[in-house]
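Undergrad: I grabbed these lines from Swiss-Prot:
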- 1-18: topological domain 'Extracellular' (TOPO_DOM)
- 40-66: topological domain 'Cytoplasmic' (TOPO_DOM)
- 112-115: topological domain 'Cytoplasmic' (TOPO_DOM)
- 137-157: topological domain 'Extracellular' (TOPO_DOM)
- 179-189: topological domain 'Cytoplasmic' (TOPO_DOM)
- 211-220: topological domain 'Extracellular' (TOPO_DOM)
- 242-255: topological domain 'Cytoplasmic' (TOPO_DOM)
- 277-283: topological domain 'Extracellular' (TOPO_DOM)
- 305-368: topological domain 'Cytoplasmic' (TOPO_DOM)
- 19-39: transmembrane segment (TRANSMEM)
- 67-87: transmembrane segment (TRANSMEM)
- 91-111: transmembrane segment (TRANSMEM)
- 116-136: transmembrane segment (TRANSMEM)
- 158-178: transmembrane segment (TRANSMEM)
- 190-210: transmembrane segment (TRANSMEM)
- 221-241: transmembrane segment (TRANSMEM)
- 256-276: transmembrane segment (TRANSMEM)
- 284-304: transmembrane segment (TRANSMEM)
Amino acid sequence: MASLSGSWRDAYKGMSSDNIKGLVLALSSSLFIGASFIVKKKGLKRAGASGLRAGSGGYSYLLEPLWWVGMITMIVGEIANFAAYAFAPAILVTPLGALSIIISAALAHVILHEKLHTFGLLGCVLCVVGSITIVLHAPQEQEIDSVLQVWNLATEPAFLLYAAAVVGAAIILIVQFVPQYGQSHVMVYIGVCSLVGSLSVMSVKALGIALKLTFSGMNQLIYPQTWVFTLIVLTCVITQMNYLNKALDTFNTAVVSPIYYVMFTSLTILASVIMFKDWDRQDGTQIVTELCGFVTILSGTFLLHKTKDMVDGSSSLGNLALRLPKQLEDSNGFEQEGIPLTLRRHECTKSPRPMRQFILPQDGPEAV
């Protein structure tokens, strides 16, 4: 028993001061980013009512003040997130983004009038429990004293292979799939955001380390590698924002937020493990515990997504009756599952047997 207790003490040595700073910054980031999703969604709706929608290639949202409020809120959150990566490993910082989904769900309940089911509340609890598990078992930040050291990690064969695969997949999605399937399949836009996002996080961490070292008296701005990382960050962030705007404007927030989180976080953790070798400094128990925490967060986001528009105490037919009118009103013609209603109607007209679409209000079905 004593040896077992000693092994646990060796495995868990507490959080370092840098990890604590990164944790506080990551929590602040989740607060701002979660709020920005709702504010930007409202701005995109307003802009779409008076001009070409972002999902159709329009940029009228750039003239909408509310969208800019959401954008500034997101920028503040991203700055806090940027700083968090300079102090803590990506395995600690990135999964905490699930808290932004909780904040987004709470604000959607208040502002967008999207009811939160009891199982949605359970999903929030699971996200918090999973986040705490990861925080308690996250690896300590690697000691890095120069941006050249980060550059050496980024140019190792394993990470170069990963980066090439990500860039290739993103280009294929943009060129081949976005024009044909972007408006009907949510995974296309989010796939581009997530793939590019994993590279942006690695570059953000490298740039954050360079700035942290510069502010501490070791100037890293004299190295060209610092500016290469800066260029990569700008390119990736612009690409992310463009396709994230398209996803938010085309599909329901309840669909975009959890799927984007799952894909982005999974790819970022994979990139961090390859580049910074975070798991090389941990034993099997800690790694498995972190993975369990991550799976717990995924379970929470799944519950939040699946029960977003369910009403407590309603039967399945009752839920359908309450959900269909809401989707038609809140999603601007798009179904909750991410498929545009116009496409579904078009498919119905192609059917050899005529089909009638029913809208089910609470007092009974009515054919339209």
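Backbone N, Cα and C atoms are what each Cβ position is placed from, and that goes for glycine too.
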Undergrad: State the mean pLDDT for the topological domain 'Extracellular' (1-18).
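TA: Mean per-residue confidence for the topological domain 'Extracellular' (1-18): 55 out of 100.
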Undergrad: What stretch of 19-39, 67-87, 256-276 shows the most Cβ pairs under 8 Å to the transmembrane segment (284-304)?
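TA: Answer is 256-276, with the largest number of Cβ pairs below 8 Å.
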Undergrad: Let me check one thing: do the transmembrane segment (190-210) and the transmembrane segment (67-87) come into contact, meaning three or more Cβ pairs under 8 Å with sequence separation of at least 6?
TA: yes
Undergrad: Report, as numbers and ranges, every residue of the chain located at least six residues beyond the transmembrane segment (91-111) whose Cβ falls under 8 Å of a Cβ in that stretch; write 'none' if there are none.
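TA: Counting only partners 6 or more residues beyond its ends, the transmembrane segment (91-111) has Cβ contacts under 8 Å with 19, 22-23, 25-27, 29-31, 33-35, 37-38, 42, 77, 81, 84-85, 120, 124, 127-128, 130-131, 134-135, 138-139, 201, 253-254, 257-258, 261, 264-265, 268-269, 272-273, 278, 290, 293-294, 297, 300-301, 304, 308.
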Undergrad: In terms of Cβ proximity under 8 Å, which residues at least six beyond the ends of the topological domain 'Extracellular' (277-283) contact it?
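TA: Cβ under 8 Å, 6 or more out: 11, 89-91, 139-140, 142, 153, 290.
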Undergrad: Can you tell me which parts of the same chain pack against the transmembrane segment (19-39), counting only residues 6+ beyond its ends and a CB-CB cutoff under 8 A?
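TA: The answer is 66-67, 69-71, 73-74, 76-78, 80-81, 83-89, 92-93, 96-104, 107-108, 111-112, 135, 138, 140-141, 248, 253, 257.
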Undergrad: Are there residues at least six beyond either end of the topological domain 'Extracellular' (211-220) with Cβ under 8 Å to its Cβ atoms? List them, or say none.
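TA: Hits for the topological domain 'Extracellular' (211-220): 86-87, 144-147, 226.
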Undergrad: The topological domain 'Extracellular' (137-157): which same-chain residues, six or more beyond its ends, come within Cβ distance under 8 Å?
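TA: Contacts with the topological domain 'Extracellular' (137-157): 12-13, 15-16, 18-19, 22, 87-89, 91-92, 202, 205-206, 209-210, 213, 218, 220, 223, 225-226, 229, 275-279, 281-282, 286, 289-290, 293.
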